[in-house]
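To start, the structure under review is shown below, and the notes come after it.
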Amino acid sequence: MSYYFKNLKPGQESDSEEDDLGKVLARNTQQEDESTDDELKTLSFGSLKKADAILEDEDSEDSEEEADKKMVNERKRKQVQEELKVSKKRYVEEEFEDDSSDSDSDSGSDNEGGFFEEDSGDEIGVKSKKKNKSRHKHAPTEHSSKKRVSKIRKIPGLETSRPKSNLYTDIRFDKSTGDDIDVNSIRKRYAFLDEYRQKEIDELEGMLKDRKFVNKLGDREYEDMQGNLKSMKSRLQTVKNRDLESKVIKEYEEKINMGNKNRYHLKESEKRKVLQKWKFDHMKAKQREKVMERKRKKKLGKEFKQFEFHKQR
């Protein structure tokens, strides 16, 4: 090999010399590969396991180092966040102190300023105590600004039972415009309305009996008309029953006060008894039997509840 390298001259190479040089280089590389293969063949299984273990240890150490680095970075980040929070709080407190000192310096002299600075620290505690303190019963009422104020104000002493719809009202029957309502006198004045009510009921019944008219109506319209007819009949019947009850009570009071100088007025309980007696006297035989049977069952139920197995243990 040294012979060829010594005799090499630039510009005087031949093809045979180049071929010889290539063969020599190929032989050297082949010898090196064979030597490395022989070295690997001579290695035992134990040494290979040790090498694998060393590589695994190096990989684990690298992963542990990365985990430690991550932990350190997280701790640093948390410390920075806490420092930022503390700095913000300090900045807010300094601003609050600057504002309080400015207001105190404008209000008076230096001595007075020191006095007011001590009080300003306690103002926050006083406000919180006032909020937590319960209001006095004689204090003015407070309403939420989010709710709209009602157009009609509540006047003490004028608590009236408001109907479901207050859209239309008659001022003649309002307590604020006159005396208490006398139902009997109003009933006498407007007794002629019963005739109009009866006419409306008769007309509605005639319309519902007409088959041609009913066939033109839909199911919903027909049901609405039947409901209106039923409600009109019940209203008229209640008005008539009320008139009859007042008439019966009036006749009974006139009868018991026939020869008395001082007029005696019945109580509400006595009025109920008089009405029950009058209704029972003017009932038919079947109606009386039903009433007596109902009362007998009611009395039997009360007696049955008094037994020991119904008593609470």
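From the backbone N, Cα and C atoms, a Cβ is placed for every residue, glycine too.
Annotation comment: Swiss-Prot describes 1-166 as region 'Disordered'.
Here Swiss-Prot flags 54-66 (among others) as compositional bias 'Acidic residues'. DSSP assignment over the compositional bias 'Acidic residues' (54-66) gives 13 helix, 0 strand, 0 coil.
Residues or ranges marked as coiled coil by Swiss-Prot on the basis of sequence analysis: 64-95. Mean per-residue pLDDT, taken over the coiled coil (64-95), amounts to 77.
Swiss-Prot lists 67-93 with the feature compositional bias 'Basic and acidic residues'.
Annotation comment: Swiss-Prot describes 94-122 (among others) as compositional bias 'Acidic residues'.
The compositional bias 'Basic residues' annotation in Swiss-Prot covers 127-138 (among others).
Taken from Swiss-Prot, the feature compositional bias 'Basic residues' applies to 145-154 (among others).
Each residue in the compositional bias 'Basic and acidic residues' (67-93) gets a DSSP state, and the totals come to 27 helix, 0 strand, 0 coil.
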